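Accompanying notes for the structure given below.
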Amino acid sequence: MAAVTANARGVVTDPAGVSPRDSRPPAPGAGGRSAESWKGHIIRELKHRDLSQHAMFQDLIRFYTQLLEKTSLTKGLLSSSARRPPAGSAPLSSLLQQSIQLKKTTGELAYQVVELQQQIKIKDSVLEEQHARLLQERRCLSRVSDAHQELRAQVEQVQGQNTALKVEYDALLERQRAAEAKLRQETVRGEELLAKVMKRKNQAAARMNSHNERRSRAREATLQAAARSKVNLDRSAVHPLSSTSPSSGFSNSSSAPSSRSTSPKNEKRDASMERKPMRLVRSASVTSPRILTSIKELFEKRRGHSVCSQEEDLVSPVRICVSARVPARALQVLDAHEQDINAVRFSSSSDLLATGGTDKVIKLWEVRAGLLTHRGTLDGSTEGITCIEFDPMGFRILAASYSKAAMLWQLGDSVPKVTLTGHSRKVTAARFSSILHQVVTGSADGSIRLWDLRRAACLQSRNVAKYCSDLVCSENCIISGHYDGQIRVWDSRAASCVQVLPAQGKVTSLDLSSDHRQLLSCCRDDCLQLFDLRRWSNERVTFRADGFKCGSDSTKAVISPDCCYLAAGSADGAVYIWNVSTGKLETRLPDKHSSSISAVSWSLSGEYFVSVDKSKRAVLWSDM
């Protein structure tokens, strides 16, 4: 078969390069030379065209030729594969082997192509999943970006607010510093004014003492002069029959009977009366109503200038508790104050309770049928209350405070009747003395002062230079406890320390038994000590318990009114009660206080027991 090729213009030509149009016969009548000339011309043109276009189609022709050769060779091999190859035909066998190898390679490549197609499908599915996840993550990222923008806007807003608050805070800080500076100036000024006031009060007290002393001496001189003065007796007292005229102390009446005037005996007696001097007698106050009235008016006038009333001069009743009840359960739990409670005390009648704390007030509670009912509030203190004391009659309340003063209230008044100032630091204890109208105070400045309530003046002052935490008063003596671990006994008459009882730690409170025979001290070494005042020795009985811990430097402990038990509050909020006779722990009352117990009090009747703590709570206990 002849090969057919296409020229550059797309005309199919034969191998000679003559197209079907050019193969037409020559025109008639032409010569042989002209025919050869035009054929040669065509051949030359074709050769020229082939030469000019051979370079352009050389590679295509070569590849096409090789493809034709391979196709014809493959057909020849397939047709002769059934026949036995002749001997000596090595090239044909090698070609057969190459064909077989090519078939194997082709099969392997086809298998690999199938595997690759499966992997491509798997990769495509994975890629689609990744594209879906990527789209989801892009959406989530878009939402997070929006949230981030919102949060950034909020942060910028908060930063602006913080900047404004910082500016306001700086302004307030400057105002606070200015206020603190002004407060310091006012404090210094107040201290100076207080010093001036105290100086003037001391001067006024000195002048009052001098004036009272002069008045007392004048009254004594008047009484002595009245006692030594002599008066004339009325003649009617000696002669009942005589009468006294306005102008004469003793004279004979003109209306007397003539027989009497002319009687020699009467004349003789009258003459002897005239010669005998008048009998003089000493006037006594018990027989002179006028002097009694003047003395009575004098003392009433003196009481009118006093701060004490007549009902306060009454003798206090003697109350004895036969047997005190050991508290077993809480009758009532209440928040008695707005802040910490530091002190609690029963009145002598046991039906009234007073509590005081850092909220600067004293609250009175009426005890009825196992319940505490608020009765009233005593104001007037500028700082917190540290100690409370009822007078023996229950008419007055004495309190110590952080304001460096002690105050006295009448039970029916809400404002203090007397304020005792003079200490340089807070007053930690205030007690009624055994002497009427006198009180004793102890302070953190280490001084102990004796005051006269009638004049609101300090009578004595004792400086120890050691922090006085508490004190009690007995007959003619004052007992004080200090942070240096010493208990000092003072003679109120001599104003001197007569004995020192060493304690085992910092003394936080003192309590005196109802018979004034035993002294109880509570110390920071978590123990209670009981002293026998009849022996005045260093011997003491120590009471301890597992779990008991003194909660503060002002923890108060008490003796029961029958002197059989000791009670104190612990830092764990439990009340511990010891038996004096056995020395062992009698009972422990837990679970009612959530903080350290600051003070306890036992009613004089022995029926009720109260504990207060640092979290504003008061608990009423009893065994009922």
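In case you wondered, yes, glycine gets a Cβ from its N, Cα and C as well.
Look at TrEMBL and you will find 1-36 (among others) tagged as region 'Disordered'.
Per TrEMBL, the feature domain 'Autophagy-related protein 16' maps to 41-209.
Residues annotated as region 'Disordered' in TrEMBL: 200-286 (among others).
Under the heading compositional bias 'Basic and acidic residues', TrEMBL lists 210-220 (among others).
The compositional bias 'Low complexity' annotation in TrEMBL covers 238-264.
If you look up TrEMBL, you'll see 265-277 (among others) marked as compositional bias 'Basic and acidic residues'.
Secondary structure of the repeat 'WD' (334-375) per DSSP, as helix, strand and coil residue counts: 0 helix, 26 strand, 16 coil. The repeat 'WD' annotation in TrEMBL covers 334-375 (among others).
Residues 194, 197-198, 201, 205, 208-209, 212, 306-308, 312-313, 383, 386-387, 389, 391-392, 398-408, 467-476, 478, 480, 482, 490, 492, 495, 554 of the same chain, all 6+ positions outside the repeat 'WD' (420-461), place their C-beta atoms under 8 angstroms from a C-beta of that stretch. Per TrEMBL, repeat 'WD' is recorded for 420-461 (among others).
The annotation repeat 'WD' is assigned in TrEMBL to 478-500 (among others). Shown for the repeat 'WD' (478-500): DSSP residue counts in helix, strand and coil, namely 0 helix, 16 strand, 7 coil.
Below 8 angstroms of C-beta separation, residues 321-324, 326-328, 513-515, 517-518, 520, 522, 528, 530, 541, 543, 545, 547-552, 594-600, 602-606, 609, 611, 613, 621 of the same chain, each at least six residues beyond the ends of the repeat 'WD' (560-588), sit close to that stretch. Positions annotated as repeat 'WD' by TrEMBL: 560-588 (among others).
Same-chain residues lying 6+ beyond the ends of the repeat 'WD' (334-375) with a Cβ under 8 Å from its Cβ atoms: 316-317, 319, 381-390, 392-394, 397, 399, 401, 409, 554, 556, 598-605, 607-608, 610-618, 620, 622, 624.
Mean pLDDT of the predicted structure over the repeat 'WD' (334-375): 93.
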